[in-house]
Each structure stands twice: as structure tokens, then as C-alpha cells.
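The annotation domain 'Major facilitator superfamily (MFS) profile' is assigned in TrEMBL to 281-545. TrEMBL lists 1-73 with the feature region 'Disordered'. The transmembrane segment annotation in TrEMBL covers 83-104, 124-147, 191-210, 216-236, 248-268, 280-300, 334-354, 399-416, 436-454, 475-493, 513-533.
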Amino acid sequence: MNDVQRPATHEEFELQASQLGVMTTRTRTTTTSNSDAGDGLQANRSDADVLQNSERESGRPSPSSSPVPVPPEAATRSYQIKLVLAGSLMIFHIIGINQVYGIFQEFYTSSRTNISDAQGQDALVSLVGSIGTGLTWSGCIFVSPLLDKTKNLNWSWSWDWRRRRRTERTASGSARRTQSSRNITIDNVKLITLVGALIMSMGLVFASFATKLWHLYLTQALLYGLGSSMYYYPLMTLAPTYFDRHRGFAMGLILAGSGVGGLVMALVLQNLLDRYGIGWALRILGVWNFVVGVGVAAVVRGQRQSSGESVNGSGNGGGGSSMPNKSLMRRGTFWYQSFAAFLQAGGNVVPLYYMSSYAVSVLLLPQSTSSLFVSINSGVNSVSRILMGILADHIGRQNTLVAGTFLSSLSVFALWYSPTTSSSSSGGGGSDVNRFIAFVVMYGIYAGGYNALLPTTIMEVYGVENYKSVNSVMYFIRGLGSIFGAPVAGVILGSHKRGGGVEFLRKKYNDVVVYDGVLLMAAAVCVVYVRWLDARDKGRWRWKA
């Protein structure tokens, strides 16, 4: 005979519930004893998890409709490794392409340009890259609330044929029940990351067809910048919350991808420009970026949440609001941290954008050599971010941040500034080149620390609960700084032709150097003051902080 399933009676349900209580007690005992050897996730499973699983297997609905707290799978060691690798690849492309925009600028403003109204217009062309880079940071002010608003995306549909099958089976005497609808929860972090990578790639591909400067503003500036922000921000917001003791080292590894990206992208871009031209160079970069973006989106995921918590790390690591509360915004640490972020971002992009044109215009070196300087700087910067992260875990994150900001400013004044009384009137003197190489290396070492340590410093100064909101504001402010930094330097430099008036250009670039050094030095002063204010607010001074 065919067994016919019948609904469970009240007495049977109570018996199953009592048996389930024994199961959950045994589960807690077993997982607690194995927590030291495992990854620690199973020990956090609650009675509600077991109840939910049992009821799902038996086909009965859960008596409680409230969300169940589920430990994020991302807390495992294996996922931490995947997250670091995915973050490094993402940073490799986003920051790598941002860092080599100086090579694009050198091409667009040179006689080889495909943009008819861009030749010699450093200020206008640098604004394209500044907007793209700036939106990478400042776009987070829009991406952060977007993550909050899309945290519970659900997609449901029903199939009519399932209803017919259920009716037929019921009429034939079978009590087996099939669901007529399906619900799919869409991971908003994956979705936003993937869409961002697509939009960023479209910006690069569409820029390959540009013939006017305003075409670049629409594609390589706006479209690229908005996409890169959606691609960049979700992972960078979540990543620090998955690490504690070695947070500085982990973030250093992730952000080291920028240095490797700049190192590789500079060589690849120059080779593509020489071999295939600007059009195919941009298309290849766009397709390459999207392929990597698909892999990154497959790894990153939002944290599952409990009732009353916000998703994606905000419940536990950053607060549910995308804006800091008013009491926090009135603190001096917040304002001076904001000033430092603005000034450092504005000063940081100037050497990256003008390093290549300086080598060609003042040192009279070929384009291939100028792109090599960008590669050297990026490679050194990559190693520096890792070492700065390790150093920060030992001597303090704020201490390392202060030292890196001050020394990067000193390297600009001491090594990039070129005396106009140089004996190398032709611009290619060995002393000038050697000093510039020293600047490229030393600036790469010291400037890498700020970008790597800012997220961890924010978490240390403002607390885990305020990390997300403060981090989004700081990235927005850094974006504004990036937008204004290079174009102002371009205005100081003025329009000019490559290869002519070396001494005149040397004086102009010296003005740019002074402007850049003042920005970085002012940022260093603000960072020092934040260090002092934080100690005062916490009521004690610690040498390691």
C-alpha cells in the first residue's frame, strides 16, 4: 500500500519539539568542544537555526517569522583568503588604471593625440582623470545608501504547471505537496559590484571612440568614475570588519594590489599604445576589467543579518546609517581627519598625473622611459603598503600614518624640486634624472601608507560601530580632494608644447612641486592633530596608537 502522509497532530508536534530540544543541546555541546579546532562558526549556531532546518525538511513553516541571526560565512579563514585575493584583483584594476592616467594624459596632450582639442591642455585633460578618480572615492556617498536600500532584495515568481501537478496528485490520493512559487534573495553586494564593473568597463570602451574632449568627460570621467565607485566601495567597506588582530596586514595586502596594478598597467598600457593605438588599448582594458569583475562579484557577499541589524557589516561593523551622527560630527577628530583626507588626496594625485609629462617635457626622456617611472613608483608603492600594514600592527596605525604623511611631503620638497641653476640646461642631466628616480622610489614608499591605513585608523579612532558611516564620508571627501588636486596643478603649469622651453617648464613644474608639497605637509599637520585629539578624548596618551 502507498503510505499517505497526514498532518502532524498537536501531541506529535510537541514530541518532535522536545526531541529537537535534545538535538539543539547536543549540538551546542558538540560545537563548543570543537570551536578551538574549527573556524568558530559552528559554535555560534543557535536553536533557531536547527529549528528552521528541521521545519524546512519536514515541510512545515517556521513558527517565528523574525529573521534568524546567522553567522556570516565570510568569517572563515578560507573566505578571508578569498576576500583578500578578490580585493587585490579589484584594486589591481581600479587603482591601477587610476594611477596610470598620467600616461593617458601624456598621450592626449601630445602631438600624437586623437582628441583634437586636447593638445597641450594639461589642466583640462587632467580634469578627466581627476573626475574619474574622484568619483571612485566620492561616489561612495551614494553607493552606501544604495547598499542599505537594496539589502533585502527578493525575487518571487509562480509556475502554473506546478499548481496543476499539485491538483492532479491530490485528486489521485497522493498527499505529497509541492510549492507553487519560488523566492530568490538577491545578494545586493554581488549585484552592485557586478553592475559597477560593467559600467566602469563601458566607460573605458566608449572612451575608445572619443574624438572630442567632452566625449572623454562623459565616458572616461563620469561613466568610468560612477562604475568604479560601485565596484570598489562594497568590498572595501566589508573587508576590514572580517579581521581584527591582523587588520592592518590584511588591508595592506588588499591595497597592495594598487601598486602591482600600477606597475603592470603602466607597462601594458604603454605597450598597447605603441602597438595598437589608443582605441584598442581602451577596449582591451575594458574587457579585461569586466572579466575580473565577474570573478570578484562571485566572491564578495553581504553578511546575513539578524532582526534589527543592518546588512553588509553595518549591524556590527559600522552602524546602520550611511551618515555619522551629529555628536560624532561635532568632534574635532572628525573635522581634522576630513581636512587631512581632502588635502592628502589632492596632493597624492599630482605626482601620479605629472610624473610622466615631467620626464618627457623637462628631462627630455622618451615616452617608454616615462611610463617606466610610473611602473617603478607603483611597484614600490605595492610593497610599501604591505610593509606599512605590518609596521602599523607593531608600532600603531596612527603613528605609521603620521610618519608616512610627513615623509611623503619631505620627499616632494627635497627630491622633486629641481633648482633652475642646474647645469643641465638641455634637461637631461644625470643629476636631475638620478634625483627624480630617488623621488619616484621614496614617494612610492611613503605615500603608500596613508591609503592602506586610513580605513583601519578610522575604525580605531571612531569605533567599529561608526566605521561604515565615517568611512563613506571620508572617501567622499577624498574624492573631492582628488578632483581639485591635479586640475589646479594643471592651471599652475599652463598650456605648453612638449620639448620646447625646458627652463621655462622647469620653473613651472617647480611651482607645481611647491603646491603639492604644501598640500601634503598640511595634511600631515592635520593627521598629527587628530592623533593628539584622539588621545585627549580617550583620556590617556598611548605611545602605540
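Cβ coordinates come from backbone N, Cα and C, glycine included.
Ranked by Cβ pairs under 8 Å to the transmembrane segment (83-104), the stretches 124-147, 248-268, 334-354, 436-454 are led by 248-268. Listed by sequence, the residues of this chain that lie at least six past the ends of the transmembrane segment (475-493) yet keep a Cβ under 8 A from its Cβ atoms are 122-127, 129-131, 133-141, 233, 338, 341-350, 353-354, 508-509, 511-512, 515-516, 519. Within the chain, the transmembrane segment (216-236) has long-range Cβ neighbours (under 8 A, six or more residues past its boundaries) at 83, 86-87, 90-91, 94, 98, 104, 108, 115, 118, 125, 127-129, 131-140, 142-144, 146-147, 189, 192-193, 195-204, 206-207, 210, 254, 282, 293, 296, 300, 312, 455, 472, 475. Within the chain, the transmembrane segment (124-147) has long-range Cβ neighbours (under 8 A, six or more residues past its boundaries) at 94, 98, 101-102, 104-105, 108-109, 115, 118, 188-189, 192, 203, 213, 216-217, 220-222, 224-226, 228-230, 232-234, 237, 302, 311-312, 322, 345, 349, 353, 468-469, 471-473, 475-487, 489-490. As a quick check, the transmembrane segment (436-454) and the transmembrane segment (280-300) miss the bar of 3 or more Cβ pairs under 8 A, pairs 6 or more apart, so the two do not touch. Where the transmembrane segment (280-300) meets the stretches 191-210, 248-268, 334-354, 513-533, the count of C-beta pairs under 8 angstroms peaks at 191-210. Taking the domain 'Major facilitator superfamily (MFS) profile' (281-545) as a whole, pLDDT averages 82 in the prediction. The stretch in closest packing with the transmembrane segment (334-354), judged by the count of Cβ pairs under 8 Å and taken from 191-210, 248-268, 399-416, 513-533, is 513-533.
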